[in-house]
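Novice: Here's a structure for you.
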Amino acid sequence: MNRAELSQKIIDTCLEMTKLGLNQGTAGNVSVRYKDGMLITPTGMPYHLMKTENIVYVDGNGKHEENKLPSSEWQFHLSVYHTRPEANAVVHNHSIHCAGLSILEKPIPAIHYMVAVSGTDHIPCVPYATFGSHKLASYVATGIKESKAILLAHHGLITCGENLDKALWLAQEVEVLASWYLKLLSTGLEIPLLSKEQMQVVLGKFHTYGLRIEES
């Protein structure tokens, strides 16, 4: 895809994220790897008003185009691309259940085999840091090295993938897992978990099965 096509795909993903109930207002942000940096949503602009020319290019050193302001979270997007060379897209949102768990500062353990969509046997929750800060970007780099999906304490969710379709799909799956986990926690009962051995079997199967989404 060329820049205009990638920019439109970013906008389409933002609109779909809202349609799916994963985000609201101007919260959240989306990016794709481009050249030596990334294309990312602008700061503070409602998704339905975005045009392709509003999407901002930020190079690998964090320098952005003149007369454009990238999302305030551009630092952690860049940290994902630096940490995971295979990642070509990043989706960040404040979905209800993921944000709820993040407020509790709880990772999602192996409550269900689909936790393995993260690429590991749990979904981490990284420590709180102010949005847009270098410290938050550092926490994200540590967490995303371990898992393709991470919760940000008192904040929300980040997912990454080979393309935007996969990153958005992963965000949907993690939101469902978060909703299950919150409901389980509300029972006050001890929650049985899958063992590391059981999750390793699932992870092995996912390597050969995988998610086959071709970006449109």
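Just so it is clear, glycine is given a Cβ too, placed from its N, Cα and C backbone atoms.
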Novice: Based on Swiss-Prot, name the residue from H155, H207 that is recorded for the same Zn(2+) site as E73, H92, H94.
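Specialist: Of H155, H207, H155 joins E73, H92, H94 in the Zn(2+) site that Swiss-Prot records.
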Novice: Could you find out if DSSP has H92 (Zn(2+) binding site) as helix, strand or coil?
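Specialist: DSSP call for H92 (Zn(2+) binding site): strand.
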Novice: Looking at the binding-site residues G28, N29, S72, which has the shortest Cα distance to H155 (Zn(2+) binding site)?
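Specialist: Comparing Cα positions, the candidate nearest H155 (Zn(2+) binding site) turns out to be G28.
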Novice: From the centroid of the CB atoms of E73, H92, H94, H155, the recorded Zn(2+) site, which same-chain residues not already listed sit within 8 A by their CB, in sequence order?
Specialist: A27, G28, N29, N93, F131, L152, G156, L157, I158
Novice: So which binding-site residues out of G28, T43, G44, S71, S72 end up within 10 angstroms of H94 (Zn(2+) binding site), measuring C-alpha to C-alpha?
Specialist: G28
Novice: How many other Cβ atoms sit within 10 Å of the Cβ of H94 (Zn(2+) binding site)?
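Specialist: Its Cβ shell of radius 10 Å holds 17 other Cβ atoms.
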